[in-house]
There are 4 protein chains.
Amino acid sequence: MDTQEFNSESGLTHECGIFGAIGNENWPINSEIAQIICIGLQALQHRGQESTGMVVSEGTNDFHVQKGMGLVKHVFTSDSITKLKGKIGIGHNRYSTSAKSEQVNCQPFVVYSMHGALAVAHNGELVNKGALRKQVLGRGVGLSTQSDSELITQALCLIPPDGEVNGPDWPARIRHLMQLAPLSFSLCIMLKDRIYAVRDPYGNRPLCLGKIMATNTDQIDGGGDMEKNSEGWVVSSESCAFLPIMKYFREVLPGEIVEMTKYGVKTIDVVPPPIDKSLAFCIFEYVYFARPNSIFEGQEVYGVRVRCGMQLATEHPVEADMVGSVPESGNAAAFGYSKQSGIPLGELLTKNTYVGRTFIQPSNRLRQINVALKFSPILHNVKGKRIILIDDSIVRGNTVGPIIRLLRRAGAREVHIRVASPPLKYPCFMGINIPTREELIANKLKDTKEFARNVDADSIEYLSVEGLKKAVQKEINPESKIGHCTACLTGEYPGGIPDELSW
Amino acid sequence: MDTQEFNSESGLTHECGIFGAIGNENWPINSEIAQIICIGLQALQHRGQESTGMVVSEGTNDFHVQKGMGLVKHVFTSDSITKLKGKIGIGHNRYSTSAKSEQVNCQPFVVYSMHGALAVAHNGELVNKGALRKQVLGRGVGLSTQSDSELITQALCLIPPDGEVNGPDWPARIRHLMQLAPLSFSLCIMLKDRIYAVRDPYGNRPLCLGKIMATNTDQIDGGGDMEKNSEGWVVSSESCAFLPIMKYFREVLPGEIVEMTKYGVKTIDVVPPPIDKSLAFCIFEYVYFARPNSIFEGQEVYGVRVRCGMQLATEHPVEADMVGSVPESGNAAAFGYSKQSGIPLGELLTKNTYVGRTFIQPSNRLRQINVALKFSPILHNVKGKRIILIDDSIVRGNTVGPIIRLLRRAGAREVHIRVASPPLKYPCFMGINIPTREELIANKLKDTKEFARNVDADSIEYLSVEGLKKAVQKEINPESKIGHCTACLTGEYPGGIPDELSW
Amino acid sequence: MDTQEFNSESGLTHECGIFGAIGNENWPINSEIAQIICIGLQALQHRGQESTGMVVSEGTNDFHVQKGMGLVKHVFTSDSITKLKGKIGIGHNRYSTSAKSEQVNCQPFVVYSMHGALAVAHNGELVNKGALRKQVLGRGVGLSTQSDSELITQALCLIPPDGEVNGPDWPARIRHLMQLAPLSFSLCIMLKDRIYAVRDPYGNRPLCLGKIMATNTDQIDGGGDMEKNSEGWVVSSESCAFLPIMKYFREVLPGEIVEMTKYGVKTIDVVPPPIDKSLAFCIFEYVYFARPNSIFEGQEVYGVRVRCGMQLATEHPVEADMVGSVPESGNAAAFGYSKQSGIPLGELLTKNTYVGRTFIQPSNRLRQINVALKFSPILHNVKGKRIILIDDSIVRGNTVGPIIRLLRRAGAREVHIRVASPPLKYPCFMGINIPTREELIANKLKDTKEFARNVDADSIEYLSVEGLKKAVQKEINPESKIGHCTACLTGEYPGGIPDELSW
Amino acid sequence: MDTQEFNSESGLTHECGIFGAIGNENWPINSEIAQIICIGLQALQHRGQESTGMVVSEGTNDFHVQKGMGLVKHVFTSDSITKLKGKIGIGHNRYSTSAKSEQVNCQPFVVYSMHGALAVAHNGELVNKGALRKQVLGRGVGLSTQSDSELITQALCLIPPDGEVNGPDWPARIRHLMQLAPLSFSLCIMLKDRIYAVRDPYGNRPLCLGKIMATNTDQIDGGGDMEKNSEGWVVSSESCAFLPIMKYFREVLPGEIVEMTKYGVKTIDVVPPPIDKSLAFCIFEYVYFARPNSIFEGQEVYGVRVRCGMQLATEHPVEADMVGSVPESGNAAAFGYSKQSGIPLGELLTKNTYVGRTFIQPSNRLRQINVALKFSPILHNVKGKRIILIDDSIVRGNTVGPIIRLLRRAGAREVHIRVASPPLKYPCFMGINIPTREELIANKLKDTKEFARNVDADSIEYLSVEGLKKAVQKEINPESKIGHCTACLTGEYPGGIPDELSW
């Protein structure tokens with residue numbers, strides 16, 4: 001599926017990308033951590049384009065906040081960065097899961113509590129948010145938004161009825177939150193002098209740590225002891241945010257509470273998932289969401305996608321002259337398919353840099369034009385050829401038909417569609433915005449034969465669930481605890497199906 | 001060279017893309033030609049992003065005009081399209097060659113003349129604009145801008161001193177203009193009921209004709225007699241603007257004046273270049289500017305670029321494990337290099353969808369970060385490997401170093417740069433904005449060895465001028481008159497060096 | 001003082017204007033109460049121009065909210081009004097007292113509580129906000145802003161420690177708030193089906209009730225029984241917001257809690273001020289803030305200002321040819337002065353409709369130009385004449401000098417300044433933003449003789465405190481309980497000086 | 001008529017205000033003339049609010065231009081002023097008379113001619129624009145707009161057929177223009193080193209000269225020889241633009257061509273009106289358009305308006321308790337009426353500072369609410385009283401009714417309307433945008449009795465044409481040539497009725 005698709009009506013959407021940074025004693029005077037956070041948030045822009053926000057502090061409870069609707073590069077300006085003073089801060093990119101996308105819901109959420117100011121950036125979705133909301137309201141707190149982040153923030157502030165956590169012991173409050181709402185979140189919780197980087201006990205959403213390297217590139221390149229030159233620490237949804245001036249350190253573990261201060265990073269606790277439950281890292285981060293150069297569980301996402309393509313070639317071979325991808329979402333899998341099958345790899349479609357708009361009144365040619373404004377066939381590789389077109393996934397199936405039509409008009413003799421993930425059939429309650437059951441193409445058609453007939457493909461085949469798991473898990477250290485959430489493919493939900501299920 | 005580069009400080013910039021359309025008697029009632037022009041201008045967006053404009057008419061001299069700074073999709077809205085009523089119109093995308101980018105210079109340029117309203121859209125640059133300007137001013141006309149388009153428009157309006165062309169005989173006026181200023185332009189000249197599509201006698205800038213097919217896709221697909229269903233005619237800088245609802249017809253010939261009316265298209269005249277001069281189609285349209293799926297001189301640009309890559313592999317072979325491109329500008333050449341050399345093709349860099357901004361104060365790490373916000377290395381294909389990185393061209397050479405650094409840090413064992421065009425050394429006076437002589441990397445360094453040393457490459461090699469010409473001309477019908485401008489590579493200017501040369 | 005002055009650096013600023021409306025069974029179907037609220041907020045625009053906001057409901061807990069920076073007419077559009085559906089709502093105009101003027105502080109403040117949604121609009125300032133804030137934070141609530149309105153809202157939501165008010169008994173919660181924070185506020189508290197209109201026990205800020213008359217003007221004019229035609233109820237900071245489609249009913253009493261529902265308005269309780277304390281309605285509402293046609297304590301503000309001018313003529317007579325005002329703030333007092341003294345009333349200055357901006361770099365002529373862009377002398381009434389110029393008040397005294405200079409250059413023989421209120425000397429902690437002690441002209445100069453010398457006036461005289469009180473109280477029903485806050489003039493604070501005094 | 005009225009649907013609109021400035025040898029280094037022009041344009045803002053523009057030069061033909069839609073204070077910023085470098089410049093405020101209000105029509109209009117750059121700012125309207133346009137087009141010039149200013153500019157550039165004016169003799173070209181189009185214009189024509197200030201031979205539109213005084217106010221105030229300190233010259237539509245840092249010098253005479261250079265101002269020629277034609281200065285400048293403190297023909301406008309009010313009291317006396325005005329347009333006349341009649345002067349209506357918008361769907365109460373959002377009655381002066389309400393003029397008569405209704409509801413016993421100018425009955429072709437004949441109330445009703453009945457006034461009376469002329473001409477030096485255009489009142493057009501009359 002084309003990664004641009006989530007700008008349009010037909011893709012999957014994340015809720016969020018989060019990023020935090022804190023300078024240590026090497027942090028250059030007069031340099032603002034906001035600059036690092038801006039670089040990080042831009043590299044995480046694919047995880048949310050609706051709004052962005054940042055909170056920084058100069059070490060006091062007077063937090064500086066800027067939030068706004070739109071892309072990082074539009075919301076922040078050189079001027080505004082200059083005003084965001086401090087060497088500790090967190091940021092957030094958001095893609096709303098609800099219809100109401102208002103400024104008021106922008107994260108991070110900031111409150112002044114009895115134990116100082118508190119800011120929270122959240123990626124994920126609380127499966128039992130209804131119950132938690134009831135508890136917080138019942139304690140006499142008014143909630144000003146519907147957002148999970150405000151809910152989490154106020155839950156952290158509240159004194160438990162039994163008074164157990166009634167001091168500034170934030171780790172205790174975080175543990176308490178994990179009991180009340182174990183799924184799903186990755187959090188950056190910022191106080192005036194520290195950030196808590198937290199991943200839910202199931203490890204559903206990603207989170208990783210990095211180091212800020214010497215700000216002078218020459219030093220970095222000159223080799224030297226980079227460790228010694230480190231100027232601080234960062235935490236990010238994905239490691240793609242790190243290069244070139246930050247360096248990957250490690251993932252935050254499922255259930256881990258990491259405290260980041262100017263003295264370094266420290267594990268405070270690792271809370272296991274509930275008994276009888278296993279880890280549940282979202283497998284679609286590998287398939288679709290993450291940037292190809294991000295690292296999860298010790299492996300680069302690109303390599304996993306190449307293995308998916310190879311596995312797909314094994315499961316669903318076909319004779320052809322050329323393998324290509326829907327750029328750029330299917331690139332890695334197409335590389336794998338070509339490698340495994342020996343069929344040459346080539347560009348079948350070129351993607352227009354400037355994605356346009358159709359000004360024509362809705363009609364039956366609208367979608368065809370929309371697709372043609374985005375993709376153009378390359379005659380050189382298509383005309384007179386039998387071709388295999390690879391994509392990473394298919395959600396609504398709206399664009400397959402128009403793409404095949406483009407290829408046929410350009411002279412393709414045969415068009416075989418291969419999808420490097422299994423059919424998407426079930427809703428997600430853990431932070432991914434999946435279309436309604438009725439909109440998912442996999443629920444609409446009897447089988448891939450009917451699908452192929454409908455869109456005029458010579459064949460359409462998906463990767464199997466087992467094949468996907470194999471591709472993902474093959475090179476993970478067998479001694480690590482692993483476990484992946486495949487709920488949207490299989491209907492098997494890690495924490496059970498939530499009561500308030502309203503799909 | 002990365003196609004995004006012209007958003008930044010280091011690329012080449014076009015002056016323009018032009019597009020025109022006129023409906024015939026099949027044109028649907030209540031449908032606005034502005035919709036077709038918007039689709040065309042969006043598909044030509046790569047030829048100019050600074051401003052855009054459109055002029056349409058309902059068949060009267062009361063032309064409707066909309067122009068604005070920015071991209072087509074931002075300047076035009078569904079509302080504004082609705083107001084641009086008519087079934088004849090022309091449009092323009094502009095990238096300023098002068099420092100002054102103001103709304104007032106947006107094209108098309110419109111005037112009311114004694115023989116009715118006139119609109120002009122121009123791609124190219126008048127080599128002798130100084131002399132022509134003097135002539136027009138000397139006739140007592142005030143010029144409100146520095147733009148060639150206004151100059152051309154007023155020159156067309158003026159009565160020649162000898163009174164030869166003193167009626168509404170526009171073709172005579174156009175021929176007169178061709179004598180006064182033979183180089184370089186492709187023009188759309190719109191009157192209330194016709195468009196003149198004109199290419200300069202040297203054929204320096206591209207221009208082609210197409211048909212508007214049936215607006216009902218089903219009809220198109222159903223086969224039938226598409227010709228019969230044609231709803232009108234279009235003219236465009238490139239044929240990439242045609243699919244899926246328009247169909248390529250043919251190129252406008254060098255020196256040709258084509259009249260487009262609701263009755264069809266008609267050649268009025270074909271003016272040859274001055275005696276002793278040959279045709280001079282810009283060779284950089286093949287190398288860099290055009291979309292890969294555009295067709296010039298009967299061949300798809302992509303295929304030419306593949307042959308450039310093959311030729312490059314022949315001229316400058318090297319042993320390696322993987323060939324890849326700077327996405328997406330080097331894709332076709334990398335495919336050709338891989339094909340010719342047998343070295344596997346793979347992604348070495350992934351390009352970020354959301355090109356960001358660096359908020360860091362200028363410093364020696366600024367460019368490195370800028371490049372890293374745009375490209376990330378794919379460990380899977382880079383780590384431990386000897387790689388060949390292909391790009392279509394190198395202008396300032398600013399980004400090569402940072403890219404090589406990214407690849408080396410990602411573990412590349414060897415990095416060989418191959419450039420699928422010759423070194424750029426001379427200015428262009430025909431519509432391409434080339435950096436100053438001092439900024440061109442090819443003029444700064446002794447040889448490619450010094451270049452390679454400076455940027456830490458294992459080797460850097462360019463395609464030869466002869467190799468480029470061979471790749472371009474190999475499959476052109478040997479019976480056609482051909483001739484390509486290579487001035488920026490060789491210093492051989494088609495019309496001689498202009499007097500006012502001030503490079 | 002010129003009423004425009006609060007756009008600039010030198011005036012007093014309100015915190016707020018509040019307005020609420022609820023339709024009854026006569027309220028026309030498909031008509032939105034938001035329209036009425038927009039009219040009301042525009043008529044209250046003088047009480048706050050920084051931001052505005054509105055909350056409406058269709059009778060459910062799903063409140064519709066719109067807030068924004070700027071004037072009512074810019075924030076709300078015909079479109080947005082259409083989306084603000086419902087027949088109950090409250091609105092707010094704000095002028096920040098703190099430096100931080102951010103969207104996040106816009107009112108009304110809305111929360112979802114355990115007993116339904118709650119919106120609060122507040123005019124005033126909590127004298128003991130520090131103590132109340134501590135209490136709320138101590139209960140484990142995080143506060144996301146520094147605004148009194150959020151503080152009041154969360155205080156209303158909280159269950160008291162003794163559990164006394166632990167149900168949806170909002171009046172009990174409001175009474176509890178009055179004990180915790182008796183000064184100063186006028187509030188509109190909106191639930192899904194009712195509005196509580198509340199004035200603090202001291203009656204410091206104004207608040208009054210009105211009826212929505214028949215929406216068909218003809219009916220109104222035709223006489224008939226307007227009562228029968230009433231379509232609902234409104235509550236407003238000032239009665240100037242009522243005409244022509246609403247009708248003044250009565251003031252909300254100090255300490256009164258009025259419940260407005262679709263069945264009518266009902267007094268729930270009247271809480272008296274603390275023992276030994278008397279009422280304290282802000283006397284500067286009469287002098288400066290209120291529109292001249294508003295009604296407080298049974299009398300029109302204009303008449304009070306006329307009496308101030310008459311009293312001023314009695315206290316400080318002077319021989320002259322013409323009395324005039326700084327338009328329009330001094331108009332009523334000038335009328336009174338003329339009436340009492342028999343000196344003709346005439347325009348001395350004309351005010352420019354379009355208040356401009358000076359683009360000149362700060363210099364000693366800057367203020368002079370600023371004043372001249374705003375006021376121009378009328379030679380007809382000034383040249384060769386002895387003139388008395390009346391203003392309602394003087395705060396910083398910055399513009400007096402430039403105005404006198406304009407008049408002298410226009411040929412005034414003598415210029416006597418008369419100020420229709422006493423010197424402003426002390427800070428306000430009840431919602432008025434008064435410049436620092438050092439900036440107040442009355443604290444900078446020894447006496448009015450020195451002041452007159454400094455600004456080249458022939459004389460300057462102020463109204464006495466006793467004279468002001470006399471003018472204000474003369475026509476109030478002697479049987480009503482009355483009491484006016486004169487803290488900014490006398491330093492006598494109604495509730496004592498707050499602990500956290502940091503003037 | 002309320003001066004705000006031209007923001008709404010019912011008033012008269014000017015076409016323009018023009019302003020020019022040039023520094024002499026005393027002009028401070030590093031100070032931009034653009035600052036002076038901004039002050040001037042802001043003081044002329046009442047003459048046009050739709051768009052504004054400025055052209056300045058540093059003494060070369062490279063003119064710096066900035067234009068935009070909206071008010072002066074919004075279009076220009078401190079930044080943009082800094083970029084408008086030079087010590088010569090002209091500016092323009094525009095209110096479109098045509099429906100098409102586009103940026104392209106903003107003035108000043110700038111062209112590069114064979115004799116250097118040329119900028120033109122124009123107030124007025126060419127009565128014979130059709131014929132002039134034909135002439136210019138016939139010479140082979142294309143015109144890019146419908147604006148008179150472009151037409152004038154191109155006409156100035158053109159070489160006459162007989163070649164008479166074929167050098168850089170701009171005064172000869174201006175004289176030639178005066179023959180081609182004698183009515184109506186006031187012009188600022190700027191070259192790189194001079195400004196020509198020109199008034200048409202009839203003197204229809206105003207124009208006057210002033211000096212830039214010492215930029216240091218202290219010097220000005222310290223007396224000294226201001227003449228010696230003068231730093232340059234200004235030209236302006238009205239003298240209200242001069243204070244406090246410029247000083248009125250004199251009017252430009254009808255038909256006069258004044259050359260302003262750094263050496264001073266010089267009369268080049270005075271062209272008389274055609275034989276048998278007399279001067280025709282627009283009498284509505286006195287009645288309505290000009291600021292009250294502007295000076296025309298040696299007299300302050302305010303004084304003329306006072307005399308209009310006095311004359312009105314003589315022509316149409318009535319017994320009453322209070323005279324007041326529609327603020328602020330009727331202020332001066334009300335002062336005169338009160339003075340003449342002895343009836344006390346008082347405020348009857350207070351005008352809201354923040355003119356609002358009605359969000360209610362159009363209905364019969366819409367206009368009533370609109371008027372009430374703008375004006376509120378002052379009970380103190382209205383209740384139980386017989387009142388006379390004065391306005392300067394009545395155009396459509398739309399707001400009289402709602403205002404009377406407001407006053408009656410406020411308790412007025414009698415309401416007498418007195419209008420300080422005669423009924424408006426005919427169109428203007430000289431730059432004033434008058435509603436269509438059918439919309440003018442004076443053409444709709446039989447007589448003032450019917451008018452009074454319709455709007456529920458006790459009486460309505462207008463000033464007579466003779467009375468107006470007497471009030472205007474009474475104090476003009478009897479030796480000056482005078483003559484006033486009263487075409488809109490009498491139908492007597494100064495240059496005859498234009499051929500293309502299409503009212």
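The backbone N, Cα and C atoms fix where each Cβ goes, glycine too.
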Further binder of [4Fe-4S] cluster named by TrEMBL next to C:Cys428, C:Cys485, C:Cys488, taken from the candidates C:Cys282, C:Cys308: C:Cys282
Recorded Mg(2+) site member, picked from C:Ser329, C:Ser338, C:Ser341, C:Ser376, that accompanies C:Asp391, C:Asp392 in TrEMBL: C:Ser329
Fewest-neighbour residue among recorded positions, criterion Cβ within 10 Å, set C:Cys16, C:Cys282, C:Cys428, C:Cys485, C:Cys488: C:Cys428
Inter-residue C-alpha distance, C:Ser329 (Mg(2+) binding site) and C:Cys282 ([4Fe-4S] cluster binding site) (nearest angstrom): 18
Binding-site residues (C:Asp391, C:Asp392), the one with most neighbouring Cβ atoms at 10 Å: C:Asp392
Remaining residues near the recorded [4Fe-4S] cluster site, that is with C-beta within 8 Å of the centroid of the site residues C:Cys282, C:Cys428, C:Cys485, C:Cys488: C:Asn204, C:Ile283, C:Phe284, C:Met430, C:Ile432, C:Thr486, C:Ala487
Rounded distance in angstrom between the Cα atoms of C:Asp391 (Mg(2+) binding site) and C:Cys485 ([4Fe-4S] cluster binding site): 21
Number of other Cβ atoms within 10 Å of the Cβ of C:Ser329 (Mg(2+) binding site) across all protein chains: 24
Per-region confidence, the domain 'Glutamine amidotransferase type-2' (C:16-263) (mean pLDDT, whole number): 88
Minimum Cα separation from C:Asp392 (Mg(2+) binding site), reported as the residue among recorded positions C:Cys16, C:Cys282, C:Cys428 that achieves it: C:Cys282
Alpha-carbon distance [C:Cys16 (active site, nucleophile); C:Cys428 ([4Fe-4S] cluster binding site)] in Å: 15
Inter-residue C-alpha distance, C:Cys282 ([4Fe-4S] cluster binding site) and C:Cys16 (active site, nucleophile) (nearest angstrom): 14
C:Asp391 (Mg(2+) binding site): secondary structure state under DSSP, collapsed to three categories: strand
Integer Å distance between the CA atoms belonging to C:Cys16 (active site, nucleophile) and C:Cys488 ([4Fe-4S] cluster binding site): 18
In three-state DSSP terms, the structure that C:Cys488 ([4Fe-4S] cluster binding site) belongs to: helix
DSSP three-state assignment (helix, strand or coil) for C:Cys282 ([4Fe-4S] cluster binding site): strand
